[in-house]
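S.K.: Pasting the feature list from TrEMBL:
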REGION    42-62  region 'Disordered'
TRANSMEM  94-113  transmembrane segment
TRANSMEM  119-138  transmembrane segment
TRANSMEM  145-163  transmembrane segment
TRANSMEM  169-186  transmembrane segment
TRANSMEM  198-219  transmembrane segment
TRANSMEM  225-244  transmembrane segment
TRANSMEM  265-283  transmembrane segment
TRANSMEM  289-309  transmembrane segment
TRANSMEM  338-356  transmembrane segment
Amino acid sequence: MTTHDPDHAETPAPPLTRRELRALRESGVLPVVGAETTTVVVPQEPERIESADTSGAPEVPSVPTAPPTIDLRAPLVPEPTPSDVLTARAGRNVPVAVGVGVGLVIALVASLFLRKEVFGLFALATVAGALIELRAALARQSITLPVLPILVGAVGMFVSAYLAGPEALLVSFVLTAGGVVVWCALDGGGLRVLRNATAAIFVAAYVPFLASFLALALAADDGEWRVLIVVVLVVACDTGGWAAGVTMGRHALAPSISPKKSWEGLAGSTALAVLVGSILVPLVLDATWWVGALVGVLTVVAGLVGDLGESLIKRDLGMKDMGDSIPGHGGILDRVDALLVAAPVVVTALALAAPAL
């Protein structure tokens with residue numbers, strides 16, 4: 001509340017004299033010239049408001065603060081959801097990757113137990129897709145891959161392995177290697193032939209030859225179960241490694257080759273593969289649990305070699321993925337790289353530890 005003291009009431013300022021008016025006009029303070037006698041009221045200081053508080057301390061008027069400004073030009077970034085965080089750490093769209101992966105496994109198992117020939121067609125179609133991806137990848141380095149003779153050799157290797165065993169598989173591979181060399185020689189000359197032929201022989205060994213070990217396993221009476229063991233163990237390695245790597249991965253396994261792989265992921269792969277192997281192998285084959293555990297460990301080692309090997313190829317070619325034909329996974333070869341190397345290791349281990357009846 002404001003109080004006024006009548007004894008200290010302020011009196012109005014006296015009128016100015018002519019001399020004072022003239023000085024004000026000359027200084028510019030009084031720009032408008034009026035009559036001879038003009039009253040100029042000098043502004044007084046604002047009336048001080050004293051607080052009603054008996055302490056006698058003057059009340060300091062509060063200065064209103066300006067409300068915070070919001071730059072409407074800046075985009076509003078929503079808070080990341082747990083799914084976004086998981087996708088960022090995994091480096092791919094996790095829901096899509098899981099859905100597509102489950103669908104592929106179901107299709108593979110269905111073809112496997114429907115008829116062996118259906119699985120053979122499924123496997124050869126996968127090999128053909130991987131060959132097409134490799135042709136496009138090698139073309140970045142001006143290497144021409146003869147897909148047609150390699151694909152013909154792939155059919156020959158798969159069928160001969162299924163019908164006549166490992167010796168026939170080896171003969172088919174040698175014939176395929178010779179065929180691609182002749183094909184490349186007829187296509188040109190000089191160092192280009194040597195480079196293309198070398199790449200073709202490597203691809204023929206890397207994709208169709210290794211994949212044909214599944215045909216060797218499939219030829220047995222319980223071949224469906226042996227192939228299923230290979231596929232399930234590789235899936236267990238991938239799943240355990242991915243889950244442990246995303247949630248606990250801190251120490252890089254091979255940063256110069258594959259930065260996202262970690263020692264924690266390798267431990268997760270080993271744990272789940274050993275668990276699945278020790279249960280699945282004695283369940284479907286005449287083998288003990290420790291044989292299944294050992295096969296699980298071998299699958300982890302072979303799968304890791306396959307993953308890192310394909311990563312080296314992609315790094316040399318300057319690529320992140322071999323393709324984009326499988327949503328959430330990349331290319332076909334990105335999905336079967338571990339399976340290609342694990343197949344001969346697991347099939348051979350099962351043939352030695354639990355021979356087909």
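The backbone N, Cα and C atoms fix where each Cβ goes, glycine too.
Could you give the neighbours, burial and distances for every feature on this list?
M.R.: Outside the transmembrane segment (145-163) by six or more residues, the chain places 116, 120, 123-124, 127-128, 131-132, 134-135, 138-139, 169, 171-173, 175-176, 179-180, 183-184, 187, 196, 199-200, 203-204, 207-209, 211-213, 215-216, 218-219 with a CB less than 8 A from a CB of the stretch.
The list of residues near the transmembrane segment (169-186) in space but at least 6 beyond its ends in sequence, with Cβ under 8 angstroms from a Cβ of it, reads 144, 146, 148-150, 152-154, 156-157, 160-161, 193, 196-197, 200-201, 204-205, 208-209, 212, 215-216.
Residues of the same chain lying 6 or more positions beyond the ends of the transmembrane segment (198-219) and with a Cβ under 8 Å from any Cβ of it are 116, 119-120, 123, 126-127, 130-131, 134, 138, 143, 145-146, 149-151, 153-154, 157-159, 161-163, 165-166, 169, 172-173, 176-177, 180-181, 183-184, 226-227, 230, 333, 336, 340-341, 343-344, 347-348, 350-351.
Outside the transmembrane segment (289-309), and at least 6 residues removed from its termini, the chain residues within Cβ reach (under 8 Å) are 229-230, 233-234, 236-238, 254, 257-258, 261, 266, 269-270, 273-282, 337-342, 345-346, 349-350, 353-354.
Non-local neighbours of the transmembrane segment (338-356) in the same chain are 206-207, 210-211, 213-214, 216-217, 220-223, 226, 229-231, 233-234, 237-238, 281, 285-287, 291, 294-295, 298-299, 301-307, 309; each lies 6+ residues outside the stretch with a CB under 8 Å from one of its CB atoms.
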S.K.: Mind checking which residues reach the transmembrane segment (119-138)? Cβ under 8 Å, same chain, six or more beyond either end.
M.R.: 107-108, 111-112, 144-145, 147, 150-151, 154-155, 158-159, 162, 199, 203, 207-208, 211, 214-215, 218, 224, 227, 313-314, 317, 319, 322-323, 325, 331-333, 336
